[in-house]
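Here the structure is laid out as structure tokens; the discussion comes afterwards.
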Amino acid sequence: MLRLCFLLSFMCLVKSDTDETCPSFTRLSFHSAVVGTGLSVRLMLYTQRDQTCAQVINSTALGSLNVTKKTTFIIHGFRPTGSPPVWMEELVQSLISVQEMNVVVVDWNRGATTVIYPHASSKTRKVALILKEFIDQMLAKGASLDNIYMIGVSLGAHIAGFVGEMYSGKLGRITGLDPAGPLFNGRPPEDRLDPSDAQFVDVIHSDTDALGYREALGHIDFYPNGGLDQPGCPKTIFGGIKYFKCDHQMSVFLYLASLQNNCSITAYPCDSYRDYRNGKCVSCGAGHIVSCPSLGYYADNWREYLWDRDPPMTKAFFDTAETKPYCIYHYFVDIISWNKSVRRGFITIKLRGEDGNITESKIDHEPSAFQKYHQVSLLARFNRDLDKVAEISLLFSTKSVVGPKYKLRVLRMKLRSLAHPDRPHLCRYDLVLMENVETFFQPILCSKQQM
């Protein structure tokens, strides 16, 4: 709540409504947020035929909405400035580009715009009732609940849940993008989004320590970077307004990345972020569907597998890069050492591709214990995926400021890609790593016995 309060102090004036040829998202001013707004919901339809010019529709006039097609509703959340969401247009265009569908923007800016968050929160059920009235008319015209998909951002995620509850969980799918936490944390299932609200509920948690919901809410819950501080977002209040909203918005930007085919973000089901970082959760156990779940639009490839689980809920973790397309590429670095005594320390690994590109991973979340003839498997994360690795460097460090410098004697090092398990494993034998000295070498193909 503290971050939410600070957010309000950074609000700046935005432009008021103006007449436009094509209907667009309601644009209000900060003055509207201060004096408050009554609830008014506009439904704006976009199709492949009308991708940039919306058509305002309602329960008595469905317009050009094709009830035989998939219909995706986008529901925004709290708007303390009255301005349109910066991501809305891109999300609409990206959805239409991947599949022929109806995209309906649920514009409840008159209602969500207020500096008093509880006032916006109190209107969520009213918005849900309006959406149910509209969907009832869709069903009367021949639509199927199976083809209804709701993407809810922040408060919008709970609105989607309330709609799903009114249809006894028969909606096709709900995606919650960092569902709002304040006033919803700890509430019973009927007062928030939960897995029973749709046939498939997937959730991305990106700001669990401030504006987002802490606990799992779906059949599968994704936690980028543990669901806390997101790379690329300001770490202090000196980052201005971005400090307060960047982590919260990152769920939307990560979802957008899944629609844009720059890379596929893979997540790893795990009990905790710490276990994931320690490399304990890289086998997903669902090879008959996909090796591991993908974040975002294609997360429902895992729905049948999750339905068979008891309970049908899974947490999945992954890390991201600071900038688009946010992908991190995972490798295992398997090290067998032959020191007489245990060596504890950290490994930094660099890869150089045949094209000259270099990428680095610091495996430093906690020290590893290297014991004689025991294999230590380290999960390394790189911002770049190198198809052909020409050179590898390793650096061993105990991070000790005083005391002797140690050696790590490596009997065998093996590098294997998790994203591309079909790639050949690369090895190197009989290395001596001097502490804090980078050691370069050319890898060779591992023998078949060690694949």
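Count begins at 1; order follows the chain as displayed.
In case you wondered, yes, glycine gets a Cβ from its N, Cα and C as well.
Annotation source Swiss-Prot lists active site, nucleophile at Ser154, citing similarity to another entry. What Swiss-Prot lists as active site, charge relay system is Asp178, His248, and the listing cites similarity to another entry. Residues or ranges marked as disulfide bond by Swiss-Prot: Cys233-Cys246, Cys270-Cys281, Cys284-Cys292, Cys427-Cys446. Per Swiss-Prot, the feature N-linked glycosylation site maps to Asn66; the stated evidence is sequence analysis. Look at Swiss-Prot and you will find 1-16 tagged as signal peptide.
Listed in sequence order, the recorded positions from Ser154, His248, Cys284 having a Cα within 10 Å of the Cα of Asp178 (active site, charge relay system) are Ser154, His248. Around the Cβ of Cys427 (disulfide bond), 18 further Cβ atoms fall within 10 Å across all displayed protein chains.
Put simply, Cys281 (disulfide bond) is 29 Å from Ser154 (active site, nucleophile) when counted between their Cα atoms. According to DSSP, His248 (active site, charge relay system) sits within a helical segment.
Taking the C-alpha positions, the distance from Cys270 (disulfide bond) to Cys284 (disulfide bond) comes to 9 Å. Mapped onto three states, the DSSP output places Cys446 (disulfide bond) in coil.
In this structure, the CA atom of Cys281 (disulfide bond) is 23 Å away from the CA atom of Cys427 (disulfide bond).
Long-range Cβ contacts of Cys233 (disulfide bond) within its own chain (separation 6+, distance under 8 Å): Gly239, Lys242, Tyr243, Cys246, Asp247, Met250. Of all Cβ atoms in the protein chains displayed, 26 besides its own lie within 10 Å of the Cβ of His248 (active site, charge relay system).
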